[in-house]
C-alpha cells in the first residue's frame, strides 16, 4: 500500500517549483524557447490572487490552487489541514466512511444519554435501599413498590436504547441516499491562503502571480511602515528564499512555535525534519526563550535550526532601497548563518 501511494505521489508531484518549460530534444527551436523561459522565468498563464483588508493573500480558483500545491506545496487550504482538498472530498463523498463516522457519533451520543439516565435511576435506588431500616411496614412496602417501578423504567430504557441502535443505521443510510440523489451543483467555499513570503517568492523569484512584487508590497505594507517591521519581513523572506533555493520544501512552522518547517520533498512523502526559527543577527534572547523552542521541537522529534540573517546595510539604506522597491539590492546584501540547537542533557551527554 505504501509503495502504491509513493508511486502515485511521484507521478503527481513531479515538479518541485512552478517552472517547467516544454523541451523537445529533437527540435532545436525548443531549446531556444527552453533557455528563454529559464532565463526570464516566463510563465504563460498567471495565477490570480486577492488580498483582503486584513492582508490575507488568497487564491480562489480551483485549478490555480491545485497547481500551486502540486508544484511546490505553496499555501494552505482554508477548509483543510494543508492541501486544499475540501471540494474533492465533498464532491466524491460517495463512500461509506463518512456514513459510518456519523453512525458512530450518533451511537456515542445515545450511549451517553442512556448512561446518564441509568445513573439517575441507580442513584435513586440506592437512596431507597438506605431507607429500608424504617420500622414501618407501610413505608417498607412503598419503598419496594418504588424500587420495582424504577427497575421497570430501567428495563424499558434499555429496550428503547437497543431499538434506537438498530434503527439508527437504516435512518442515516436513507438520509445519505436522499442527499446523493439530488442533482446539486457544489460550490467551492475553500480558498488557498499564501504566506506573505510565499506570495513575494511567487511574484519576485518565480513570477507566476498576476501581481508585480512592487504592487504586492505596497498592498501589504502601508507607506508609514516602520523599519523594524520591514526588517523583520526581509529577514523572513531571505530565509525562505535561501531554503527554497537549496531544494527544500518550506512550510509554515507555527504548529511547533517556529517560523518554518523544512521537508525534503513535501508533506505527502515524509514528515518535516527541521524546524527553522529566523532570528536577526543583532537580536539577543535569554536561555528560557531558546529552551522553550527546543523543548517543543525535540518533543516532536525534530531538529531546531536557528537561522541568523544579517543585513549588510544600515537602516537608512534599507528604507531608501525599500521605497525604491529595489529588492534585488536588499536581498543580495544579506547573509545567512545557521546554528543547530540541541539541549545538553547531563545523563546523555557525558562526553
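Any Cβ shown, glycine's included, is placed from N, Cα and C.
As the structure is a computational prediction, the values presented were derived from the model and not from experiment.
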Annotated stretch (coiled coil, per TrEMBL) among the listed ranges 57-110, 111-164, 165-218: 111-164
Rounded Cα-Cα span from residue 271 (active site) to residue 263 (active site), Å: 7
Inter-residue C-alpha distance, residue 302 (active site) and residue 271 (active site) (nearest angstrom): 9
Protein Cβ atoms within 10 Å of residue 271 (active site), excluding its own: 11
Cβ neighbour count within 10 Å of residue 302 (active site): 19
For the domain 'tRNA intron endonuclease catalytic' (233-310), residues assigned helix / strand / coil by DSSP: 29 helix, 23 strand, 26 coil
